[in-house]
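TrEMBL lists Ile6, Gly7, Thr8, Gly9, Ser10, Leu11 with the feature NADP(+) binding site. The annotation NADPH binding site is assigned in TrEMBL to Asn56. Positions annotated as domain 'Pyrroline-5-carboxylate reductase catalytic N-terminal' by TrEMBL: 3-96. The domain 'Pyrroline-5-carboxylate reductase dimerisation' annotation in TrEMBL covers 159-261.
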Amino acid sequence: MNIGIIGTGSLGRMLIEGFIEQKICQPDQIYISNRTIEKMQKIKSIYPLINLADNNKCVLEKADWIFICVKPLDLPFVFQETGTSFPDNKLIISTLLAPGLEYLDSLIKGKVLRIYPSITQSTGHGVMLVAFGKRVIETEKRELLDCFNRLGKAFEISERYFRIAGDITSCGPAFMAYMTASLANTAIEHGLDKSLALDMAGETMLGTALLLKEKQLSFEQMINQVATPGGCTAAGVQILARDLSPIIADLFQATREKEKEIINNVTESMQNLF
Ligand SMILES: NC(=O)C1=CN([C@@H]2O[C@H](COP(=O)(O)OP(=O)(O)OC[C@H]3O[C@@H](n4cnc5c(N)ncnc54)[C@H](O)[C@@H]3O)[C@@H](O)[C@H]2O)C=CC1
Ligand SMILES: O=C(O)[C@@H]1CCC=N1
């Protein structure tokens, strides 16, 4: 089975690393294309056997599973080039937050699904949200989910939950990194050396994740184990409990509004072209 990646930015590259590092396929089974050649060449310097395609059409010809990893507003240009009619043995896999499956199923003659991956999955950990279009059959669904489960955990859910789940799983790594960096930055403001603070923050984030996983702790158990009764962690947690909720509510609102804007813009530009 050959894998195609159209768009080798952050996410396309993560998928390439994940497929190769988790031994889902060999580098010579992967065909990639990108608008600018430099990003592809960097990937080729790491995986010399990977195939650089001349254009997106070549990826479609060579690969069986084709992951589209461009930004939503670039999608119309991809379909302009490749057409929208694909044989039944190909699976078109959109990583984009828009357009939705109903539109893709009506535009594309062929099999399509949506995934919402996470950049963390190159490590074999993290979450992939999955929703299948109506022409994907059961055996293909199982094969896809088996593959995605080797890149962390795959959750087949209705795409109407992609936004709120994606705030945890796909945007989450950035939000969590921001919060951890904020702890470090405040410590820096209080006089701790910058590189020490950042190193400490990263190591603590890693240790926290490993502890949660290895000891199968719930978040609440983790908090309770750290927060000695009457101690300073408990004092800090009280501040979070008092002040964090409205900020997180604003964050969910902001991602939802941005998603709406992107969906409107993509729908308009698709309608202009098709
Ligand atoms: N970065 C992330 O963690 C996640 C991203 N996504 C989705 O993945 C998609 C890509 O996101 P990123 O990788 O972050 O963006 P990016 O901007 O890093 O990468 C997009 C790539 O597509 C290429 N491209 C643009 N037009 C093209 C065309 N016509 N043909 C071939 N290549 C073309 C660009 O040169 C660029 O390398 C977006 O739709 C995003 O919503 C989904 C979940 C997580
Ligand atoms: O920021 C974005 O729009 C994409 C989707 C989730 C992560 N990156």
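Placement of Cβ uses the backbone N, Cα and C atoms for every residue, glycine included.
The model shown is predicted, which means the values in this text are computed figures rather than measured ones.
Features as recorded by TrEMBL, highlighted on the structure.
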residue: Ile6; record: NADP(+) binding site; Cβ within 10 Å: 29
residue: Gly7; record: NADP(+) binding site; Cβ within 10 Å: 25
residue: Thr8; record: NADP(+) binding site; Cβ within 10 Å: 25
residue: Gly9; record: NADP(+) binding site; Cβ within 10 Å: 14
residue: Ser10; record: NADP(+) binding site; Cβ within 10 Å: 10
residue: Leu11; record: NADP(+) binding site; Cβ within 10 Å: 21
residue: Asn56; record: NADPH binding site; Cβ within 10 Å: 23
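Closest in space to the residue listed as 'NADPH binding site', of the binding-site residues given as Ile6, Gly7, Gly9, Ser10, Leu11, is Ile6, taking the CA atom of each residue.
Averaged across the domain 'Pyrroline-5-carboxylate reductase dimerisation' (159-261), the predicted model reaches a pLDDT of 97. Within 8 Å of the centroid of the Cβ atoms of Ile6, Gly7, Thr8, Gly9, Ser10, Leu11, where the record puts NADP(+), the same chain has further Cβ atoms from Ile5, Gly12, Arg13, Leu15, Asn34, Lys39, Cys69, Val70.
Mapped onto DSSP helix, strand and coil, the domain 'Pyrroline-5-carboxylate reductase dimerisation' (159-261) counts 88 helix, 0 strand, 15 coil.
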